[in-house]
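Presented below is the structure to which this report refers.
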Amino acid sequence: MRYVIIGNSVAACGCIEAIRKVDLQNPIIVISDEKYRVYSRPLISYYLAGKVDESKMYIRDEDYYEKNKVEPILGEKAISVDFKNKEVVLDDNSKVKYDKLLIATGGKPFVPPTKGFELKNVFTFIKFDDVKAIDEAIKNGAKKAVVIGAGLSGLKAAEALIKRGLEVTVVELANRILGSILDLEASKIVQDEIEKHGIVFKLETSVDEIIGDGKVEKVRLKNGEVLDSDIVVFAIGVVPNIDFLKGTELKINRGIVVDEHMRTNIEDVYAAGDCAEGYDFVFEQQRVIPIWPNAYNQGETAGYNMAGVEKTFDRGFPMNSIGFFDVHMITAGIVVPNSDDIEVLVKHDKEKNAYRKIYVKNGRVLGFMFINSIDRAGMITNMIKEGLNVESIKHRLLDDDFGYLDLPKELRQEKILGGAKA
Amino acid sequence: MAKKIFPKEEVCVGCHLCEVYCVYAHSKYKKPTPKAHELIKLYNKYKDSKPTPRILVEEKSGEWTTFALQCRHCDDAPCTKACITGAMKKLEDGRVICDEEKCVGCWSCIMACPHGAVRRGENKKAASKCDLCLELGEPACVKNCPNEALVIKEV
């Protein structure tokens, strides 16, 4: 038995760790086009800001591969998969045989066709090498930056760049920032805070052309404005990194379609993480959920099943915890409801700039946005996951001292003691 | 077999001493039982803010019930799966610990912990959580609870 994983991020970790819980012997081969051992992509903005150094980018110990009997093939790209002969083909045309395959290739930056994209100092913001290149540009004197996209990664990029002393303008097509995790009202609160740190927003417009002689000098926006700029960072979003599998018999919708075992339509082939399209339990549909815990959980589920232990994962839904400067927020589930029968609970403590909004339908939490009042938020995330009826306690959910004491004694003890007796 | 601390709400009086001993046990003194002058010295360090214990005493106005909750060291520890740095990890002995040097304070663990048992530590820089005081042999909260409202058991 040979396990092969294409991709080397957190979904791969989940897979390796699950396999090794049940199979200590058979080889696991990990293939990645990046030369680094497993590192954290969310940490690239921290690296750029100078908050973590290279040694802290790695999410597992140095002997991780050795300890888990993993053979890493790093710095080599998988260019195709021969599903019939069960082989992964690498860019040097060598072949890697598999018995069970996990495709965990993650996402790749989405960049709309833009004039001037080929100029020097135009970057994307996903990989370690991206921020190393941006760092180099700053060291070479870049002073002004334009970031395209006011989502999670765009704003983390903007935050890092302003901490490095650059002037930063963020351009966003939508009418609000952080559109994937906040509604308009919550987004305003966060935008106000971020603006206090000097980041300038241009909303409801996008980049028309990047102008420069060899390297970036200006950015022209669709609204006609022209901004001076030394660097441009595209951080609009990610799309599944699966181009090399298109046109094969692998079933692909937006991502690689998987069932609750992370199985694809091809026998012995599994997919997990940002390249996979699994079931979203809150939205009740197949979706790509490009978030870290989902990738781990999907990778883990795939790993168990690849090793012959049947496990399912059918409780995926979006959740995010992120901070900019001193504003921290945790959001989960549905953040912009699209039906009228959803009850909205809101509490805004302007003095503390703390905000909690929760959506409830038929007694169940569908989603929430907590800003600057995030302690114990996992209890609410878990309520979404378990579908707990919160009818009797719903107004307490808005209070930052909400806790187990708000639950009926029996339920509380069951959750705390997990069936044991104190 | 993992060890876990269980709270007995029937006998907890909400004295918060577990918090005091927890802070002490995770200070540079690292002993299960403090001497008074050490405690004063330790708490003097926190002039502007209260120190963060790794335990959480739940109480609610208008209710007499209280109990002290700490990390459940879940078998399936969701915090370790949500952690973006690898700081939060499950050890072979069953404990879940946070490498505070590695933690960047993104609070994904707070988002993921179903018990709300992970706290933001001092200056809200890194996650702070129960490590079962393994270096001390016995958790300081259990050892020093005046009413034996906390018990440690293998489960």
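Note: Cβ is positioned from N, Cα and C throughout, glycine not excepted.
Sequence annotations record features per position, and here TrEMBL assigns domain '4Fe-4S ferredoxin-type' to B:3-32 (among others). Remote same-chain partners of the domain '4Fe-4S ferredoxin-type' (B:3-32), defined as residues 6 or more beyond its termini with a Cβ less than 8 Å from a stretch Cβ, comprise 38-39, 42-43, 51-55, 57, 59, 65-70, 72-73, 94-95, 130-133, 135-155.
Long-range neighbours of the domain '4Fe-4S ferredoxin-type' (B:94-123) within the same chain, counting only residues 6 or more positions beyond its ends whose Cβ lies under 8 Å from a Cβ of the stretch, are 1-3, 49, 51-54, 56, 69-75, 77-88, 129-132, 134. Per TrEMBL, the feature domain '4Fe-4S ferredoxin-type' maps to B:94-123 (among others).
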**OP:** Tally the residues of the domain '4Fe-4S ferredoxin-type' (B:3-32) by DSSP class, grouping H, G and I as helix, E and B as strand, and everything else as coil.
**Re:** 9 helix, 5 strand, 16 coil
**OP:** Give, as a single whole number between 0 and 100, the mean pLDDT over the domain '4Fe-4S ferredoxin-type' (B:3-32).
**Re:** 90
**OP:** Would you mind splitting the domain '4Fe-4S ferredoxin-type' (B:94-123) into helix, strand and coil residue counts from DSSP?
**Re:** 7 helix, 5 strand, 18 coil
